[in-house]
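Novice: Got a structure here, written out as structure tokens. Questions coming.
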Amino acid sequence: MLSLLKRAIGYTNERQLKKYMRVVEQINRMEPQMEKLTDAELRRKTDEFKEQLASGKSVNDIQVEAFAVVREVAKRVLGMRHFDVQLIGGLVLAEGNIAEMATGEGKTLVASLPSYLRALEGKGVHVITANDYLAKRDRNLIGQIHEFLGLTVGLNLPLMSPQEKKQAYQADITYGIGTEFGFDYLRDHMVYDASDKVQRPYHYAIIDEIDSVLIDEAKTPLIIAGKTRSSTELHYIAARLVKRFEREVDYIYDGETKTVNLTDEGIEKVEKAFGIDNLYDAEHQVLYHYVIQALRAHVLFQRDVDYIIRDGKVLLVDAFTGRVMEGRSLSDGLHQAIEAKEGLEITEENKTYASITIQNYFRMYPILSGMTGTAKTEEKEFQRIYGIDVIPIPTNRPKIRVDLPDRVYMTRHDKYVAVAKEVKRRHESGQPVLIGTTSILQSEEVAKYLDQEQVPYELLNAKTVEQEAEVIARAGQRGRVTIATNIAGRGTDILLGEGVNELGGLHVLGTERHESRRIDNQLKGRAGRQGDPGSSQFFISLEDDMFRRFAAEETEKLKAKLKTDETGCILNNDIHEFVDKVQRIVEGMNFSVREYNLKLDDVMNEQRNVIYQIRDRVLEENDRVALVVPMIRSACDRIVDAYALSEQIPEEWDVRRMTEELNRIVYRTPITFDQPPADLEDVKRKVAEAVESYVALLEKKKAHTQLQTLLKSVMLTVIDDYWMRHLDQMALLKEGIGLRHYQQEDPIRLYQKEGFEMFKAMYEVIEKEISVHTARLLQSLEQEEGQS
């Protein structure tokens, strides 16, 4: 077995494989022993394992027997036996790494092993799937193993009630989609009572299709937002204005980072249109926001690629799956800018209440693991950002899929003509063909060329997503032609129909190289599952987006040297080297963008952690007076520092304003000063005496239940209000960072520095506002007591 594995993977992982195979051999030796156990004896193993862990043993100590138990139960309950390579996958996951397993190798069954082992620790296991359909399917299938062994299995889906969610999270193992776990985290930090939280502390997660979740979806932050009114008229005016803008004249578009910035000429046009002198004055910050969002909508978002319009509404499309993202909308007025661009009715704008990136959410798990068919190409990113390794797992049966060399054409038209003819040729032989496209627009374009060749097909894209799994599952039937946007239906096995093996299996035809070899490999992986025959080939053109956006000049220079046949197919062998080089450049750029965005979000993440920790203390502490007292002291010190300046003489101080500010905070011990005060020490002494007297009063009142309850409400309201305002300010700061970049300043350093200053200022306001509200609370409570 080991020699077979070596040949399959290569010698770089030989040491790791030897280590895993030694454990697999131990598990295999236990199989006869497990087969002799009764169902009841197998069930009792769970309690035995828990007792061993409680007595000081580690999960590694019980791993071999636990895996052997799960394998035996899977045989009895599901009629499925884990192969040796699946056991290796389970061991990789249990360690907190990524198991790279080919399509069709039974990743779902693999997850049953580490999820059981880690659930025995009693801290909860989260199994993350690509969509709701897979979460339900896997919970119902693999959940049978765990429930047989006495563990509880939960399902976490959108639109569940808080009570249902709490129950799901209390289960030993919880299935669901990653975004919903992230949204629950944000919602838990918006509650006003600790008992309303649904999650418990994080422990261990297994992410299916981990590359899709942590890399592809990482560009889109999770945002909880509410509705707020925006200026409909300004959106329409800005949309009309930028429609007349010219690239490189009025704005600069960076195709690599997908950013746009106004040039000096563009700025002048905006100032002239609105009759203002300086667009960058603080008073025009909101106007700048409307204009830049209109420009983004105009340049960065393409209809039927990034969004579709259905029933007069803009619906976003997931760039990586081609699915419509139901219920999702862009924040900060960008969605409304797209509506204005399309001349649609403007909906209410979303105001951000809470947000977090996918990366920073999953970095909170102490142990993170995952499975995918394609991760090795992004191993450095997984190591740098998440500290996890990618371990390739050999296939159970040798892979016999044939990956044919790319066919590269000069023009898109020539490419699509060739695609249609190739599909027709294979269709006439009865071989099923799966055509992978990168957008809805491209799907529909391919469909037109197939119509011309009178080839019947099924079109699967964001507009027809309802039967996705069924359509993909049928794609391996004889004579079937399926056009699928990107990796739609991922997680659904394509089973070959009768007689298809003899025809060469499923043929996958890619119509464009993706921005990552990993996604190309995902598409190829739809064919040749579990040792089935199959083939793949990409048809690409030098007019494809990848070349236009990232290598326009080099492509134009190269064209003059190229030779083609009568179909427009390029004959030069070095064209393949050029294509690979451009794709690697794009991969590097995309990684840099993700890394840049993560560095920016790390600033927000630190701030979010501070605010959420304070919020949690307010929720969980019984004595909130103890939390307020340091705030009162700090707020009073800052008032003195603001008005009694050491570089001025006391006669120059604004003593009246200082006294007013202090007396709003210090209740029942009014502060007065000589006119003018003797010196700064005199001021500080009097303030300290008054504050300590007031603190003593608060200490006496802290047993008052109503005071503690009202303090909790006031503190949370103030924190949430100013945190939401701060999120808006940070979004505007981030927006302006692009302009600074244009001015050759380091954007990340500036964002860190200015973001910290803004956070510090916000926190000081929070302390002051809570202090003022505390004084008012105390006053109203004493008045109530006096009246009763």
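Cβ from N, Cα, C; glycine included.
Keep in mind that what you see is a predicted model, and the values were worked out from it rather than measured.
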Novice: Please state which member of Q86, Q522 Swiss-Prot lists alongside G104, E105, G106, K107, T108, D493 for binding ATP.
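Specialist: Only hit among Q86, Q522 in Swiss-Prot's ATP site, alongside G104, E105, G106, K107, T108, D493: Q86.
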Novice: Please report the DSSP secondary structure of D493 (ATP binding site), reduced to three states.
Specialist: coil
Novice: Say we define neighbours as other CB atoms within 10 Å of the CB. Which of the binding-site residues Q86, T108 has the fewest?
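Specialist: Among the binding-site residues Q86, T108, the sparsest Cβ neighbourhood within 10 Å belongs to T108.
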Novice: Using Cβ-Cβ distances, find the residues under 8 Å from G106 (ATP binding site) that belong to the same chain and are at least 6 apart in sequence, listing them in sequence order.
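Specialist: Long-range Cβ contacts: M80, F83, Q86, N396.
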Novice: Under 8 Å Cβ-Cβ from G104 (ATP binding site), six or more apart in the same chain: what's there?
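Specialist: Looking at Cβ-Cβ distances below 8 Å from G104 (ATP binding site), excluding near sequence neighbours, one finds D493, R529, Q530, D532.
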Novice: List every residue in the same chain as E105 (ATP binding site), at least 6 positions away in sequence, whose Cβ is under 8 Å from its Cβ.
Specialist: V85, Q86, G89, I393, T395, N396, R529, Q530
Novice: Return the residues near K107 (ATP binding site) by Cβ distance under 8 Å, restricted to its own chain and a separation of at least 6 in sequence.
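Specialist: Counting only residues 6 or more apart in sequence, the Cβ neighbours of K107 (ATP binding site) under 8 Å are G89, A99, M101, D208, M371.
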Novice: DSSP three-state call for Q86 (ATP binding site): helix, strand or coil?
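Specialist: Looking at the DSSP assignment, Q86 (ATP binding site) belongs to a helix.
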Novice: Cβ within 8 Å of the ATP site centroid (Q86, G104, E105, G106, K107, T108, D493 excluded): which residues?
Specialist: M101, T103, L109, V110
